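Single-structure report; data block below.
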Amino acid sequence: MKGFGWLEGLLRVGRKLFVKAETVQYPEVRPYLPPRSRGRIVLTRDPDGQERCVACNLCAVACPVGCIDLAKAVAEDGRWYPEHFRINFARCIFCGYCEEACPTAAIQLTPDFELSEWRRDALVYDKHDLLIAGEGKVRGYRYWSVAGKAIQGKDKGEADHEAPPVDLKGLLP
């Protein structure tokens, strides 16, 4: 049936003519996001209001594209905290490896995906941009009370819900 290609095209267009359009009016109509969708990264706080991040650098090591940069500092009481914490969202692929690697549940991915900017340098978020006021998804978790690390004023085993260290030599026969 040579020469009837125009008729096939006309029929295809005619079938789609009366079908409802699939265009979504985005800003007014929000798309459905699955419950575990991964979007913008945030840093959370303890129930006491302190930063959860202990600058262990596991998130930066786990990141496959190397978009996380941080430097560790030590507070007066012996706690570690990030002196600076930067995420370059222009490079981030939102894989969630940083969230899985974080031992303190400080890094969490939210369903917020609207990160468009006019300039690329605006997509580099600092610690003050990433910190939120709440605890995020993990409630009531205090890393420093279960870490087993001595801080000023408390030796190992003196924190809440913490057993004293085991004397290994005392276990020998």
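Cβ atoms here come from the backbone N, Cα and C positions, even for glycine.
Features as listed in Swiss-Prot:
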DOMAIN    41-73  domain '4Fe-4S ferredoxin-type 1'
BINDING   C53, C56, C59, C102  [4Fe-4S] cluster 1 binding site
BINDING   C63, C92, C95, C98  [4Fe-4S] cluster 2 binding site
DOMAIN    83-112  domain '4Fe-4S ferredoxin-type 2'
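Annotated features taken from Swiss-Prot, shown on the structure.
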| residue | record | CB count, 10 Å |
| --- | --- | --- |
| C53 | [4Fe-4S] cluster 1 binding site | 25 |
| C56 | [4Fe-4S] cluster 1 binding site | 17 |
| C59 | [4Fe-4S] cluster 1 binding site | 23 |
| C63 | [4Fe-4S] cluster 2 binding site | 20 |
| C92 | [4Fe-4S] cluster 2 binding site | 20 |
| C95 | [4Fe-4S] cluster 2 binding site | 14 |
| C98 | [4Fe-4S] cluster 2 binding site | 24 |
| C102 | [4Fe-4S] cluster 1 binding site | 22 |
For the domain '4Fe-4S ferredoxin-type 2' (83-112), residues assigned helix / strand / coil by DSSP: 5 helix, 9 strand, 16 coil
Integer Cα-Cα distance in angstrom, C59 ([4Fe-4S] cluster 1 binding site) to C95 ([4Fe-4S] cluster 2 binding site): 12
Tally of residues which DSSP labels helix, strand or coil - the domain '4Fe-4S ferredoxin-type 1' (41-73): 5 helix, 11 strand, 17 coil
Between C98 ([4Fe-4S] cluster 2 binding site) and C56 ([4Fe-4S] cluster 1 binding site): CA-CA distance (Å): 12
[4Fe-4S] cluster 1 site shell beyond C53, C56, C59, C102, criterion: Cβ within 8 Å of Cβ centroid: V54, A55, N57, L58, L70, C98, A101, P103, T104, A106, I107
